[in-house]
Amino acid sequence: MAAPLSLLLVVAVTIRAALNRSSLAELIAERVEVVSPITAWKRVIEGLALLDLGVSPYSGDVFHETPLIIYLFHFLVDYAEITFMLADVITAVALYEAMKDFNKQVFRRQKFYLEAERYPADCLELIRSPTEMFYIPLKVAMFYLLNPFTILSCVAKSTCGLNNAVLSLFVLTTIKGNVLLSAIFLCLATYQSIYPLTLCAPAMLYLMQHQYVPVNPRRAAFWWFVVQYLFMYLGSLFVIVCLSFFLLGSWDFLPSVYGFILSVPDLTPNIGLFWYFFAEMFEHFRLFFLCVFQINVFFYTVPLCIKLKDQPVFLIFMQLAVISIFKSYPTVGDTALYLAFLPVWSHLHRFLRNIFLVSCVLLACSALFPVLWHLWIYAGSANSNFYYAITLLFNVAQILLVSDYFYAFLRREHHLTAGLYLKKKDGSEATLVLK
């Protein structure tokens, strides 16, 4: 598999390098679907200019990335293109290695269940074969590297690519069972954008299972592990925040980065749900609906953890999708990360209900984003309602996609327990209804 992966990396880097040298690079860097007020490269450049003048980059309302990002590019600004291409390569290789390890675990578990005869006889066709699973890691890397969303983000030099690299390393270290590195990379992801905080629960669930710690709140071992992981996670976060303070000499970055993410003051159009709603909102209702919208990202964590406590990798996929859909300043780069996991769940296709419709809607929305933007901003023959309508449709399609995979996953798990062909007491065929 090393040769196909190497070829894939070469092709992906070549495509990015060619686009970086083309006249399209500047156009892509201005697209509101690709960059946000937080991740835009031109804002990083302006922050660097302020830093070089001895002025805090957070003194105005321009730069909203974290201090570590600006100090990273203070040294690498001349190698920005290489840095972002390297970030994509790191993400792809990390996901490749993570899924290779995950496949081994799935295969061992299947083998144990088959030998213990825990599967009903009529559901053996649902068992995943080694041949089917062999190419999944390569497909995951391909889905990420050759996804147009990822390519556009890299060419635009969106810092979302760096966030994805950190998240992929978190997934890799978690699946490898390294508790300390998992906590550190999750801490870095949280430091960048707050929302990955919700990945703490699936990480702990996976690591508990990996170390044979009972996932039972009544057991002391459960709470001891939770305390250990949270200590490493919060301790790392404390160190990074203090390091940021020492680099800047002030706490200005806290309201400029995290306050900006949570309060959503910049209503520049993007592919998210916030901008249009709050642009039309009466000011005295703003705080209430801001809390409602922000809670969405965190609200689903507890019920999903309860339902998927035995399948933490699928739970990580679900949480990444929820973050991508409901965060305040999303870009297509966020969407690309969780879409890369779809080949891992290819065995669920027989149970998906709306995959063709959702795929068509996502493709149509991706094509219509620039069209409706042009009609609104340049031609003047449309207004913001048109662009928000396609944004809303794009997010509804994502929600349908994720919920469809969730349904398919639960249905397959049920069949693996109760059998594939369900019968009523009178012998007639039964219909499965998930509530």
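Using N, Cα and C of the backbone, Cβ positions are placed for all residues, glycine too.
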In TrEMBL, which of the ranges 64-87, 136-159 has the transmembrane segment annotation? 136-159
Among 179-208, 257-278, 354-379, 385-407, which stretch has the highest count of C-beta pairs below 8 Å with the transmembrane segment (220-251)? 179-208
Chain residues outside the signal peptide (1-17) and at least six past its termini with a C-beta under 8 angstroms from it: 81, 84-85, 88-89, 92-93, 96, 100, 137-138, 141-142, 145-146, 151, 154-155
Where, among 179-208, 257-278, 314-342, 385-407, do we find the most CB pairs under 8 A to the transmembrane segment (136-159)? 314-342
